[in-house]
Amino acid sequence: MAKNNLIGGSIWDEYSQKVQDRMNHPKFMGEFNEEDAKNRDAKLIVADFGAESCGDAVRLFWLVDEKTDTIIDARFKSFGCGTAIASSDTMAELCIGKKVDEAVKITNLDVEFAMRDEPNTSAVPPQKMHCSVMAYDVIKQAAATYKGISPEDFEDQIIVCECARVSLGTIKEVIKLNDLHTVEEITQYTKAGAFCKSCIKPGGHEKRDYYLVDILAETRAEMDREKLKNAMKSDVAFDEMTMVGQLKAVEAVLDAEIRPMLQGDGGDMEVIDLQKAEGGAIDIYIRYLGACGGCSSGTGATLYAIESILQEELSPNIRVMPV
């Protein structure tokens with residue numbers, strides 16, 4: 001099969017030599033039938049999986065020794081692009097000699113790594129990484145068929161990034177542990193979003209149930225609420241706190257209750273100073289940023305909302321002064 005029939009020429013140089021070889025000369029393309037299984041005293045397993053993202057499909061054939069649950073041979077038939085052919089060929093080879101439970105642990109990342117010429121150089125372009133996901137999914141389908149269970153029984157986590165197999169729980173944990181603020185940081189720590197980029201935000205190659213931009217916003221909001229909750233646990237009343245303590249409490253409320261509202265409209269705010277005034281008043285001086293800087297409501301409805309929230313959460317003696 002000629003390379004021009006497989007992929008566009010502009011990205012050809014981004015493929016490893018191993019991938020190119022398997023595209024043109026796959027080693028394990030073919031099929032088994034019941035007679036083949038009988039001759040080798042094995043059970044025939046046939047599994048199909050299709051990828052909606054690119055219209056590709058793959059059929060996997062296993063010959064399994066039922067006495068040991070070992071996959072003694074494997075073949076595939078691919079109905080798709082060159083990357084899918086190379087990935088399926090590699091996947092079939094990786095399955096041979098493994099027990100079924102071991103094969104289920106093979107991921108698309110393992111397949112991609114096995115196709116690299118150099119350990120630190122990707123085997124396929126990032127935008128084609130999703131094509132290797134079928135290799136992971138069809139293995140689950142084959143194992144489920146052999147065991148008589150559902151493929152979903154192998155998946156105990158919500159996967160956000162199919163390309164890198166990164167779960168929702170992992171992403172949220174990494175954001176919290178490392179105090180991450182950007183999607184780029186999430187990608188740096190987890191590799192989520194590094195390949196086809198469909199999971200970063202709506203409008204990508206594939207539609208997703210979860211997107212990194214939303215997970216980041218929701219997790220940061222959870223962190224801000226937790227920060228506010230911890231700030232409110234203090235046994236010292238706000239009016240009796242030191243100035244440092246008061247500033248921390250104010251910032252916690254701003255992060256949890258006020259800044260998300262302002263940032264949603266393209267604005268923000270910062271605390272310039274905090275002073276104790278006559279009569280027990282506590283004056284908080286703020287500066288509006290971004291779109292809020294030139295907004296007339298900054299001295300009207302927005303100011304009233306900020307002051308009301310701080311008074312309710314911290315102290316009725318608070319006054320907010322824009323500068």
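Easy rule for this one: first residue shown is 1, then count along the chain.
The backbone N, Cα and C atoms fix where each Cβ goes, glycine too.
TrEMBL annotations: computationally assigned, not manually curated.
Residues or ranges marked as domain 'NIF system FeS cluster assembly NifU N-terminal' in TrEMBL: 14-149. According to TrEMBL, the feature Fe cation binding site maps to Cys54, Cys81, Cys131. According to TrEMBL, the domain 'BFD-like [2Fe-2S]-binding' annotation covers 159-201. The annotation [2Fe-2S] cluster binding site is assigned in TrEMBL to Cys161, Cys163, Cys196, Cys199. According to TrEMBL, the feature domain 'NIF system FeS cluster assembly NifU C-terminal' maps to 250-320.
Features as recorded by TrEMBL, highlighted on the structure.
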| residue | record | DSSP class |
| --- | --- | --- |
| Cys81 | Fe cation binding site | coil |
| Cys131 | Fe cation binding site | helix |
| Cys161 | [2Fe-2S] cluster binding site | strand |
| Cys196 | [2Fe-2S] cluster binding site | coil |
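Here the domain 'BFD-like [2Fe-2S]-binding' (159-201) sits apart from the domain 'NIF system FeS cluster assembly NifU C-terminal' (250-320); fewer than 3 CB pairs are under 8 Å, leaving out pairs fewer than 6 apart in sequence. Annotation for the binding-site residues Cys163, Cys196: lowest Cβ count within 10 Å of the residue's own Cβ, Cys196.
Here the binding-site residues are Cys81, Cys131, and the one ringed by the most other CB atoms within 10 angstroms is Cys131. With DSSP states grouped into helix (H, G, I), strand (E, B) and coil, the domain 'NIF system FeS cluster assembly NifU C-terminal' (250-320) comes out at 38 helix, 22 strand, 11 coil. What surrounds the [2Fe-2S] cluster site, by Cβ distance within 8 Å of the Cβ centroid and not counting Cys161, Cys163, Cys196, Cys199, is the set Met129, His130, Val160, Glu162, Ala164, Val166, Ala192, Gly193, Ala194, Phe195, Lys197, Ser198 from the same chain. A separation of roughly 13 Å, to the nearest angstrom, links the Cα atoms of Cys131 (Fe cation binding site) and Cys161 ([2Fe-2S] cluster binding site). Note on Cys161 ([2Fe-2S] cluster binding site): other Cβ atoms within 10 Å of its Cβ, all shown chains, come to 28. For the pair Cys163 ([2Fe-2S] cluster binding site) and Cys81 (Fe cation binding site), the C-alpha distance works out to 17 angstrom. The shortest Cα-Cα distance from Cys81 (Fe cation binding site) to any of the binding-site residues (Cys161, Cys196, Cys199) is found for Cys196. On the 0 to 100 pLDDT scale, the domain 'NIF system FeS cluster assembly NifU C-terminal' (250-320) averages 90 in the predicted structure. In the structure as shown, the Cβ atom of Cys199 ([2Fe-2S] cluster binding site) sits within 10 Å of 30 other Cβ atoms.
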